[in-house]
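Q: Before we start, here is the structure in question, set down as structure tokens.
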Amino acid sequence: MTRTNPWFIAPLVALAAFMEVLDISIANVSLQHIAGNLGASPEESTWILTAYLITNAIALPVSGWMSEYFGRTRFFNACILGFTVASLACGTATSLEALILFRTIQGLTGGALQPVSQAILADVFPPSKHGMAFAIYGIAVVAAPAIGPTLGGWITDTYSWHWIFLINVPVGLVLLMLLKRYLPADDAPEAHTRKPVDYIGFGLIATGLGALQWVLDRGQTEDWFNSDVIVGMTLLCIVATGYYIARALDQEAPIIDLSLFRYRNYALANLVMFILGAVLMGSTAMLPLFMQMLLGYTALDAGLVLSPGGLAIMVMMPVVGRLSSKLDLRALITAGLLCSAAALWTLGNLTLSISHEQLVWLRVWQAAGLAFLFIPTTTIGFSGLPPGATNQASAMMAFMRNLGGAVGIAVLVTFLTRITDMDRVIFVAHSDPASPRWQLYYQHLLELTGSPERALRLADLRWTAQGQLDAFSTGFRGLALLFLALIPAIWRVRRLPPAAQGPAGAH
């Protein structure tokens, strides 16, 4: 790739990644409006999210191979064009079936934007500037999930749900014009030199990852392994993924290069990215649920609590980018893990009297810690890799972060439901009508409500609320412990000298 001004390219490719990541969460708060407008049930409307997540999960890990096959610049521009056209189609859809189809195309074309953006930055910046380059990219992919629900709620309330998709159109068109002018073209391989397409491999990846994402997204709704469909999809995922791995290990140029996991730093960086995705997306899902279910916040109010966290990440990323070239990356990651874990543990002490300001500051505290994780982990992951591995490495790390997010949300939502139900059963079992303590409590409720039926209904609501509060508290503490458990693994990373603290090995 010929040299050009990397500081002009950086915000352009980061904006492409931001646009795609934003669309993962921007539609969440608008499902009710979309369902009502298109005459669909709330259950049916969730396929708007599921279709995007499944195809996005399939596109992410294969984007490295696609970049090498078609040429990275050509492939990147084609993905932006496809994502823009699909966004226009989503915004003008007149039926749920059409919207789901266009969201599927959006997920397929948008899935590559994250890893390809990162790979471009790794190549256009010299190794000494990789910290700041990844800071710009990190702002895009970490801040977007935080502001997505708030932006989506505001657009839907102020204009209509159509505009959560249509806003991508002018952004995409401007990006295409600027990238065509300023992003240098790479050398796309000639048709006769390209390796044959492994159609079986593509089919196995699409089947395995599609089934996995379906299980994670629909598991709680379908009651997990009590559902024959979930069991069948899980078996399909295991068989397809296992068969692909067995084939890939014997191939000279597989679609997903699993041989890179032989490099310790790369393998550990992917582990950190998986946990980072689980904690970031899990906490981003849990905190609004807590505020809306137990504190009575609206979706917009809950989003306003999350947004300052996105701002904190934007402020801290450039700082961490500069520190990454001067300090031990393992120490930076450890500091970030401790900072975020402390905030999450404090969130585990939640009470129903917590104020809006306290929630905002705890979220900012957690987000500031997350800023210390992304850049050093990315730099470590690229270090020491063989030449030409940039595309494959960036695709896999982006996939692991997204997969961690999907697993984190699925596990936490199930955990919240099960713990709430279990606690409620315990509270009811300990409410002996003959005990003086229950009689005193019941008398208090009777005075508040004026009738036995209302008193019992209020008691049931309070039991449920207490169970939910305990579940949220345990969930936040679990995320904190997950981060703390990661610290020993960080110090298994081979230390990089300051001069090598960039993905130089990818060049």
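Residue numbers in this text run from 1 along the chain shown.
Just so it is clear, glycine is given a Cβ too, placed from its N, Cα and C backbone atoms.
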Q: Looking at 7-26, 47-66, which one is transmembrane segment according to TrEMBL?
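A: Going through 7-26, 47-66 one by one, TrEMBL flags 47-66 as transmembrane segment.
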Q: What residues elsewhere in the chain lie close to the transmembrane segment (47-66), defined as a C-beta under 8 angstroms and at least 6 residues from its ends?
A: 23-24, 27-28, 31, 34, 75, 96, 99-101, 103-112, 114-116, 119, 202, 205-206, 209-210, 212-214, 217-218, 254-257, 391-396, 398-399, 402-403, 406
Q: Take the transmembrane segment (364-386) and find every residue of the same chain, 6 or more past its ends, with a Cβ under 8 Å from one of its Cβ atoms.
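A: Answer is 118, 122, 130-131, 134-135, 137-138, 141-142, 146, 260, 263, 265-266, 268-270, 272-273, 276, 279-280, 283, 308-313, 316-317, 319-321, 324, 329-330, 332-333, 335-344, 346-347, 393, 397, 493-494, 496, 500-506.
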Q: State the non-local partners of the transmembrane segment (267-290) in its own chain: residues 6+ outside its ends, Cβ under 8 Å from one of its Cβ atoms.
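A: That would be 25, 142, 145-146, 149, 261, 297, 299, 302-303, 305-306, 333, 340, 344, 347, 350, 359, 363, 366, 370, 373-374, 377-378, 380-381, 396-397, 400-409, 411-413, 416, 468, 472, 475-476, 479, 482-483, 486, 489-490, 492-493.
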